[in-house]
Amino acid sequence: QLNFSPNW
């Protein structure tokens, strides 16, 4: 499982 959460 790959989940992308940007830190912007």
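Cβ from N, Cα, C; glycine included.
Record features (Swiss-Prot):
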MOD_RES   Q1  pyrrolidone carboxylic acid
MOD_RES   W8  tryptophan amide
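Across the structure, W8 (tryptophan amide) and the residue listed as 'pyrrolidone carboxylic acid' place their CA atoms 22 angstrom apart. Here the residue listed as 'pyrrolidone carboxylic acid' comes close to no residue that lies at least six apart in sequence on the same chain with a C-beta under 8 angstroms from its C-beta.
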